[in-house]
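Chemist: Please find one structure pasted underneath; my questions will follow.
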Amino acid sequence: MVLLLNCIVAVDQNMGIGKKGHLPWPLLINDFKYFQRMTTSSVKNKQNLVIMGKNTWFSIPEKNRPLKDRINLVLSKKLKEIPHGAHFLARSLNDALKLIEQPELVNKVDRVWIIGGSSVYKDAMNYSSHLKLFVTRIMQSFETDTFFPEIDLKNYKLLIEYPGVPSNTQEEKGIKYKFEVYEKIVNTFLFKSHAGLTCSVKPKEASYDFELS
């Protein structure tokens, strides 16, 4: 099964995403509503899975845990038991994605969202060839100690528009920001077989398209 992963994040001009486990900027209500809408919108009778590291989980105010109307999965190599309020615990992103194929989840999960922190974002960007990044671009700098990985435009394409994502610049509390969506570029390699067929192969996929040459 080829699984599409979605990372959603807000970054400042230096790709900073946090400071001491909290947002470096004041709460931006429209961005918060955007996060809620994107991560909860799902097809009927299914819910989205939100995957987060232990620190991200505990940075959420206890009264708001778990994130409602979503399946909450926490990643940790140290925790032995599922944190109170969470639904699942996995040691790694790879283990988490294997859980989705299990009977208890396979018919319940619609979309998969990675919501932090930095190392989990990095793992997702390295793991999947089918990946979208939903980036809230804060158009100023803040004091931060945690960063989002570099978005290499050799590997990612900035989409001109995307359904449900506002294209105009937002402003709240004197802070301007915009919503961006990036799609990971899947390279296709061509080679000719001895039978005279041209085969296009996409890395890490069991997908092959043949045509006569």
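A Cβ is built for glycine as well, from the same backbone N, Cα and C atoms used for every other residue.
Note that the coordinates shown come from a computational prediction; the quantities given were computed from them, not determined experimentally.
Straight out of Swiss-Prot:
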BINDING   Ala10, 16-22, 54-56, 76-78, 116-123  NADP(+) binding site
BINDING   Asp31, Phe32, Lys33, Tyr34, Phe35, Gln36, Arg70  substrate binding site
DOMAIN    4-184  domain 'DHFR'
Chemist: Looking at the binding-site residues Asp31, Lys33, Arg70, which ones sit with their CA no more than 10 Å from the CA of Ala10 (NADP(+) binding site)?
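Modeler: Within 10 Å Cα-Cα: Asp31.
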Chemist: Measuring Cα to Cα, tell me the gap between Phe32 (substrate binding site) and Val120 (NADP(+) binding site) in whole angstrom.
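Modeler: On Cα coordinates alone, these residues lie 20 Å apart.
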Chemist: Among Asp31, Phe32, Lys33, Tyr34, Phe35, Gln36, Arg70, which the record lists as binding substrate, how far apart in Å are the two most distant Cα atoms?
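Modeler: Result: 18 Å between the two most distant Cα atoms.
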Chemist: How many other Cβ atoms are found within 10 Å of the Cβ atom of Phe32 (substrate binding site), counting all protein chains shown?
Modeler: 14
Chemist: Looking only at the domain 'DHFR' (4-184), what is the model's average confidence as pLDDT?
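Modeler: It averages 96.
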Chemist: To see if you understand the setup: which same-chain residues, six or more apart in sequence, place their Cβ under 8 Å from that of Phe35 (substrate binding site)?
Modeler: Ile8
Chemist: Roughly how many Å lie between the Cα atoms of Asn55 (NADP(+) binding site) and Tyr34 (substrate binding site), rounded to a whole value?
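Modeler: Between the Cα atoms of Asn55 (NADP(+) binding site) and Tyr34 (substrate binding site), the distance comes to 22 Å.
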Chemist: Report, in whole Å, the straight Cα-to-Cα distance of Lys33 (substrate binding site) from Gly18 (NADP(+) binding site).
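Modeler: With the alpha carbons as reference points, the distance is 19 Å.
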